[in-house]
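Listed features, source TrEMBL:
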- 34-52: transmembrane segment (TRANSMEM)
- 64-84: transmembrane segment (TRANSMEM)
- 91-114: transmembrane segment (TRANSMEM)
- 143-164: transmembrane segment (TRANSMEM)
- 184-203: transmembrane segment (TRANSMEM)
- 209-229: transmembrane segment (TRANSMEM)
- 325-346: transmembrane segment (TRANSMEM)
- 366-389: transmembrane segment (TRANSMEM)
- 410-427: transmembrane segment (TRANSMEM)
- 454-479: transmembrane segment (TRANSMEM)
- 491-512: transmembrane segment (TRANSMEM)
- 538-558: transmembrane segment (TRANSMEM)
Amino acid sequence: GTTPVNIHGKPILSKTGGWIAAFFIFGNEMAERMAYFGLSVNMVAFMFYIMHQPFADSANAVNIFLGISQASSVLGGFLADAYLGRYWTIAIFTTIYLAGLTGITLCASMSVFLPNQEHCDQLSLLLGNCEQAKPWQMLYLNAVLYITGFGAAGIRPCVSSFGADQFDERSKDYKSHLDRFFNFFYLSVTIGAIIAFTAVVYIQMQRGWGAAFGSLAIAMGVSNLLFFIGTPLYRHRLPGGSPLTRVAQVLVGAFRKRKKPFSSSELVGLYEVPGKRSSIKGSGKIPHTDDFRCLDKAALRLKEDGDDPSPWVLCTVTQVEEVKILLKLLPIPACTIMLNIVLTEYLTLSVQQAYTLNTHMGQLKLPVTCMPVFPGISIFLLLSLYYTIFVPLSRRITGHPNGASQLQRVGIGLAVSILSVGWAALFEKYRRGYAIDHGYESIFLTPMPDLSAYWLLIQYCLIGIAEVFCIVGLLEFLYQESPDAMRSVGSAYAAVAGGLGCFAATIMNSIIKSVTGDSSKGKPSWLSQNINTGRFDYFYWFLTGLSVINFCVFIYVARRYKYR
């Protein structure tokens, strides 16, 4: 059931897959992440400076877009596992992605899609006196933005799984190759992010918004071409039919037989098809476990079931175990939602901090929108040194051949994220005090020449380290632990956690603003647009407390989890 096939569905006899095929997939993911981060760092500014939308509304709109594009990744995973296969899902949605980026480029390049830019200086922007975009102009921008997000949702859960499919499970080096693949995969994500935070920002400053968004579309087009060129090299897994249908059958079957005891005289046994192969296309048989015993009733074969029962009445043990695995996996990605909240907050809050600081590096003045590149650089350096420094050192401590297990790496990432947010709170307290003491309280967009923005590098580098340990470990964990015919859905768990993090950050910001501020009394909220009168430090401490609680929950869940 798990035999790899070619694009025509025939079992593969010739040598395919491996690292050469994986590198074509890396290129597609690099361009997709470049576009994703390019939009996330530039779209807020585009909506504010060009479309003349309020800054808070622009940030919330982009956060919602990012959240929906990630949370809806389960749709792409479902289509890949059920009907299309991972290759065709990537091929279709990457084309949709390119169409959305082309639409955004047209919006930024053609004046008909933009509001009047005359008599709109920085003061007018801050006071809200610039002519806002017409409703139909915002409708067009949001439409192409969500087309882009829809394309990303289809690609994201499939690319890492499709890349991992290129390695032979029967090889003695399979686990080693898989471990290295997910590290190199995230390295390609990081390179895409670095390009987005540097080259794309530079193009925007020198050539304008149309050229910046156009560069993302060109990169996506080139990567699509390379992905299709690699088609003869790819290994494929047959789609196993609708995973949602199989899950529903288990739940219905268990409910129907909920009152049947396991010791019933009518009991024949737990049902499984004879032979070595599973009844689920693209899946091997899964041994029975004692977890979630209530679900086993869906596989209880009774005399009354007859010789050829409906799958809505009787399910196989493998089908029941698939549902058990999906349930057992849920708490692990759920514990990474907090890290995604922190990452989302950093995209806006730390940029607001950087606007008040000196971003000069010698004679070079670094644009504020380039600041998020530093987590990417720290990830790049860590992944480059991972196998030469971290693995040998940690192997001596843990005895694990890869230095640390997948869940240990997720735990390390969550622990380091606590240090990052704690440092952010300490530095923000100092930065705010410095601004007030030196007369910058009301001029929050004026950088303080004697306070360097490079103090932010500590929190940036720590969150980069946290991200690489947590997300890479999570992706590898979900791929290896998911059922054979549900690996795209399993990988979508990570993207859904990212989307929920974006939504949670938006909701949290709204609650904090309403609870801590009172406009009628002139009391600014913790997240005031004037960062010097707000209390970002209190908010960072709040995030630190939530991160500590989340880490404790993860330790409890991880210690109870049993690997397949």
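Note: Cβ is positioned from N, Cα and C throughout, glycine not excepted.
Unlike curated entries, TrEMBL annotations are predicted automatically.
Between the transmembrane segment (64-84) and the stretches 34-52, 91-114, 143-164, 366-389, 454-479, it is 143-164 that has the most C-beta pairs under 8 angstroms. Take the transmembrane segment (491-512) and the stretches 34-52, 143-164, 209-229: counting Cβ pairs under 8 Å, 143-164 has the most. The list of residues near the transmembrane segment (454-479) in space but at least 6 beyond its ends in sequence, with Cβ under 8 angstroms from a Cβ of it, reads 160-161, 164, 178-179, 182-183, 185-186, 190, 329, 332-333, 336, 339, 342-343, 346, 350, 353-354, 357, 361, 371-372, 374-379, 382-383, 404, 406-410, 412-417, 419-421, 423-424, 427, 431, 487, 490-491, 493-494.
Packing against the transmembrane segment (143-164) from elsewhere in the chain are residues 22, 25-26, 28-29, 32, 35-36, 39, 43, 65-66, 68-70, 72-77, 79-80, 86-87, 89-90, 92-101, 103-104, 106-107, 178, 181-182, 185, 234, 475, 479, 487-492, 495: each is 6 or more residues past its ends and has a CB under 8 Å from a CB in it. Within the same chain, the transmembrane segment (184-203) stays apart from the transmembrane segment (410-427): fewer than three Cβ pairs sit under 8 Å, each pair at least 6 residues apart.
Between the transmembrane segment (410-427) and the listed ranges 34-52, 91-114, 209-229, 325-346, 366-389, the one holding the most Cβ pairs under 8 Å is 325-346. By number of Cβ pairs under 8 Å, the transmembrane segment (209-229) is matched best by 91-114 from the list 34-52, 91-114, 538-558. Below 8 angstroms of C-beta separation, residues 28, 32, 35, 39, 46, 50-51, 76, 84, 133, 137, 140-141, 143-155, 208-210, 212-214, 216-217, 220-221, 223-224, 227-228 of the same chain, each at least six residues beyond the ends of the transmembrane segment (91-114), sit close to that stretch.
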